[in-house]
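What follows is one structure encoded as structure tokens, with my remarks underneath.
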Amino acid sequence: MEDNETGDTNNSNQGNESPVKVTRFRNLPSVNNSSSEDLHAIITNNEDSHLLSSVRRRVQISSGKVQTGSLNVLSAKYESLDYDTSVDMYVAQGKLYIPYGLWVLYNVVPVFIGSMLVAFVEPIAAGSGIPQVKCYLNGVKIPRVVRIKTLFVKSVGVVCSVVGGLAGGKARIQLNRGRTYDTLGAVVAAGISQGKSSTFGKDFNIFRYFREDHEKRDFVSGGAAAGVSAAFGAPVGKEKQNKWGPIQSGRRHKFLEPRFNLANFFASVISTFTLNIVLSTYHGVPGNLSYPGLLNLGQFETFGYEIYELPIFVIMGAVGGLFGALWNHINYKITVFRMRHVRPRWLKVFEACIVAAVSATLGFLMMFLINDCKPLGQDPTRYPTQLYCSDGQYNVLASIWFQTPEASVRSLFHDPPNTHNATSLAVFVVVYFLLAAWTFGLSSSNGLFIPTLLTGAAWGRLVSIGMCYVFPETLDHPGKYALIGAAAQLGGVVRMTISLTVIIMETTGNITFALPLILTLIAAKWTGDFFNEGIYDTLIQLSGVPLLPWEPPPLVHNIYASEVMSHPVVTLRCVENVGHIVELLRLTTYNGFPVVDPPLTDQNEVTTYGRIRGLILRSQLIVILKRKIYNETSDDWDSITASIFRNEYPRYPMIDEISINDEEKTYSVDLRPFMNPSPYTVLHSSSLPRMFKIFRGLGLRHLPIVNDTNEVIGMVTRKDLARYRVWRHQGRMGVEELLISKEI
């Protein structure tokens, strides 16, 4: 035996005091890879038999004395940190309610925080924000939709919804991801474009030219487009502007301007490029621009589809339309119930916590009751979860539930065949379908994009299992049916076609599926439209917002302006008394007043109207009174410029906040320098479709109605046109006249 050069130990075979050598190991053939003869020769070799003792026994702890300072000895005093085996321990002890209670608690607490913020701080931050932004860009003033407080509450609320495990939370933080980021992008654009913060009372004295509604709405449109691009890595600005409903185009004449489209496209490209820089730095490879978007559903490998599969995709689209219509109907009924009975704020918070607890309970029951265990060697997930499975197995359902919804969608898209059990998928589809319908509309910041994709991908994967039984030799990629199912389900809920095709192609990196996707989405839209409206249109109708569609309602060519207009109209003279203006503003809520010449007639019995000279807004009158721009104070008009109106935008004071003494009420104001001297007008004999196209195409707010002598006899606003609405149901169509109420 040779001497030990690195340290001395005691050989237990020679006594405790005799120093022995430490054996240096040499490379030996692997026991698992050796033949029986080689293994027999190795083990029967007396000289080296102790080298392979681990084959027959565990490592023995030496009882010999170790010299202090040795570098080749391991201590037996240290133990490994235990893994979390609390669930297994509680299962063995029959106390499964403890981990269940902890899971419910971990879900409820963050949801409670997010719901409290929404209910008590900024209620407009509830939901996805898409209906509100859609109405804002359509020309409707939605209070507080683009405020900094809304941005803060929605950002924090989204995180709380995700952490709380709601069937909808991930859709918001990843904009759905796009859906939340178009809202957040709109808020950011609205704030930056004004060069001031009304919330913090800070004016940076920049961008004053953009302080008016039309310019601000254009910036909001660009911000929404940039948000979508950041979420999906999709800087196809024009497609997002013109086809994502009215989100980016604003449903105004602006969508016809190449300059406007170019500006939005440029904002989208810059947004995507900036996100690439940030993500590449975050992942430790700055400058590597290979991170196009936050929402990534995985790159689909190149695979094709057969001609016989196209009818199958169309049928799946029709099924998605049916499921989408059912989902919309369930959510509509739940929303109506909330509007009628869940009105107190504390009750809204309580409902959100109940949904969080029920979501955890259903997931727990599914994983506990359904045996869906697979060998660990087949796990495609990044972090397989054993849960109640035997050693060497993982629970497929647990992997779906404990992943983020986005990761679960990616798994259903890319998992190999035979990964998922048909029974598990069927139960998951039903449970998650109902949970998503219940969750959307809570007093929390969440949406429906990713949950709907996940539901559709699950039943699409279920279809692939059925196809595998029918065509076992031809099904090469089950993920394509999951992709079609996801598109069909989402299209059946939101009723979008071209925009969803572009978005799904960009998030999956597969352009070869453009034809199946568009066929699926068209089938889903047509099928769903047969039963009800898309979910966003339904929510807008429930809120009573006067949204103007693209085209005028059909069957209304025999309705004329004289029937639509509001009358008698409240007018002002070119030179008006201050006291009259003050009383008029206090007694009415109108936002526009025609300026007319006083009627000229010698007959008191004959009704006459003033001839129109212009149109002035309520906000302009407020600023005039606040600045005291009277005829009697004309010597001080040298400092009066158009900027006085922009400086007060967007929060104009109320008339009761303006101090006007009795002497000032006797003064007069010349409105001609401030009014619009050439407003758009139509004759009283104009048809409703003509008025609609003028109002809608020019982005108007007020449309005065004049008679044959150009005298103002009425006024048409958005509400007057929006109250004629088309209804469609099961192949039938008609026009209904809505009521206008201040109670909703």
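The backbone N, Cα and C atoms fix where each Cβ goes, glycine too.
Features reported for this protein in TrEMBL:
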| type | residues | note |
| --- | --- | --- |
| REGION | 1-21 | region 'Disordered' |
| COMPBIAS | 7-17 | compositional bias 'Polar residues' |
| TRANSMEM | 100-121 | transmembrane segment |
| TRANSMEM | 151-169 | transmembrane segment |
| TRANSMEM | 262-285 | transmembrane segment |
| TRANSMEM | 305-328 | transmembrane segment |
| TRANSMEM | 349-370 | transmembrane segment |
| TRANSMEM | 422-441 | transmembrane segment |
| TRANSMEM | 448-472 | transmembrane segment |
| TRANSMEM | 484-504 | transmembrane segment |
| DOMAIN | 565-633 | domain 'CBS' |
| DOMAIN | 675-737 | domain 'CBS' |
TODO: Determine how many residues of the domain 'CBS' (565-633) DSSP places in helix, in strand and in coil.
DONE: 23 helix, 18 strand, 28 coil
TODO: Please give the sequence-distant neighbours of the transmembrane segment (448-472): residues at least 6 beyond its ends with Cβ less than 8 Å from one of its Cβ atoms.
DONE: 128, 167-168, 170-171, 174-179, 297, 312, 316, 320, 323, 327, 405-406, 408-409, 412-413, 415, 417, 420, 422, 425-426, 428-429, 432-433, 435-436, 439-440, 478-490, 493-494, 535
Open item on the list: For the transmembrane segment (305-328), give me same-chain residues lying six or more residues beyond its boundaries with a C-beta closer than 8 angstroms to one of its C-beta atoms, as numbers and ranges.
Closed with: 433, 436-437, 452, 455-456, 459-460, 463, 467, 474, 480-481, 484-485, 487-495, 513, 515-516, 519-535, 538
- [ ] Find the member of 151-169, 262-285, 422-441 that has more C-beta pairs under 8 Å to the transmembrane segment (349-370) than any other listed stretch.
- [x] 422-441
Task: Contact between the transmembrane segment (151-169) and the transmembrane segment (422-441) (3 or more Cβ pairs under 8 Å, separation 6+) - done: yes
- [ ] Mind tallying the domain 'CBS' (675-737) by DSSP state, helix then strand then coil?
- [x] 16 helix, 26 strand, 21 coil
Open item on the list: Within the domain 'CBS' (675-737), what mean pLDDT does the predicted structure show?
Closed with: 89
